[in-house]
Ligand code: BG6
């Protein structure tokens, strides 16, 4: 098939990557280690520079020392190579800039002017709070460093509701055109999430079954054992619905539910995901009361250690949810009547992100007098940890005599099937930014459609003025989350360890 030229892969351009928020947690924990890995694999074009921008009074040497420490802390020891670190540090500069003040931005201008050629693509990664996205874009525009080839990368959360997301998008859109804007949802950079597309569309056996005729329901879980820790300031203004469901979980839902695009390209996948978001059944207040569950972790034991309640970590009572379970429906021909149950929580009993597609039971019992029961097939798509796919089937237990039905699993574990370690999501996504490939980034319309769907839930919850149900840290969430499925005659399919 001949692709439009706009879809053809581009090589990694020579870039000046300016990370505003260059001394922040995201930059030090994720971005700089990801750049180290790209350097190690030879994926950074010669001449590419990394310019950290922060309010800290650091010179280049001071920032390089910080980068070195970040790489040592966050890259596994067996992957550390001092010559690679030196190569990365050679690219690194620092400028003192403050989004709230005009000072320092001229220095950034000066550094960018020193680029080795006019072809160098300027990428601005805004690893800062979203309220600063608009003001920073304006400063970049004021100092005249935004060119038609420039790109801006925005971290989630993009706003706290539809109106604030629109304001941010409008402000950024004053300076950058939509194709220049890369909105990160790091779940889309995960290996198994991309494999979901390949599994669905590069094989034939699933597609005829991938609909309401054969699928009973879908479960999507993202459970964490970590609490909110030092992020409680941010988290308490957000909560699990904004932090995880509006973005990561809805993106997974889209990839499960979307129609096959003509080809997997920059706009085609995003077009199809948008259609799914637009087909989500809007929630009335009654739907919210019936189909959503909020939880907040109480003290408990996680991985053998006692941990405090969310409110104690925060230092005050809170109505913010650290757990959400909900039932969604995609109102279209393929999915009519198939519930999508989503759930996410902090301080759960295990760390796992998984999609489980539960098929319908066979229409007719064919083995009268057999021992054991036929169980509905389940396809588990494990996003993390232990990425892979597992198909639960009913088989005959070997041996003479009568037929004994037993459950068994077809296992595809990436670690065993491929002798390669999956790159971190940020490494892949940063390279895509440097190559100018937006396929795995969220478009404005997608982000806004996702906010439009979650907003009635937020509104209803805030109007109720109630505390979320408590669940003990180290558990699978509040009892109401179990009841949400039991009411429909279903149960959460726990991940096999
Ligand atoms: C982030 C959320 O987007 O995703 C965090 O803000 C959450 O609260 C994290 O912990 C989970 O990501 P991962 O890759 O560890 O599943």
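Residue numbers in this text run from 1 along the chain shown.
Backbone N, Cα and C atoms are what each Cβ position is placed from, and that goes for glycine too.
Unlike curated entries, TrEMBL annotations are predicted automatically.
Among 207, 224, 259, 329, only 224 appears in TrEMBL as part of the substrate site alongside 186, 190, 243, 346. Ranked by Cα separation from residue 224 (substrate binding site), the recorded positions 55, 156, 248 are led by 248. Cα of residue 243 (substrate binding site) to Cα of residue 156 (NADP(+) binding site): a distance of 8 Å. Checking the binding-site residues 55, 190, 243, 346 against ligand 1, the ones whose Cβ sits under 6 Å from it are 243. Comparing Cα positions, residue 190 (substrate binding site) lies closest to 248 out of the recorded positions 55, 156, 248. Under 8 Å, Cβ to Cβ, and six or more positions away along its own chain, residue 55 (NADP(+) binding site) finds 96, 97, 98. Candidate binding-site residues: 224, 243. Fewest other C-beta atoms within 10 angstroms, 224.
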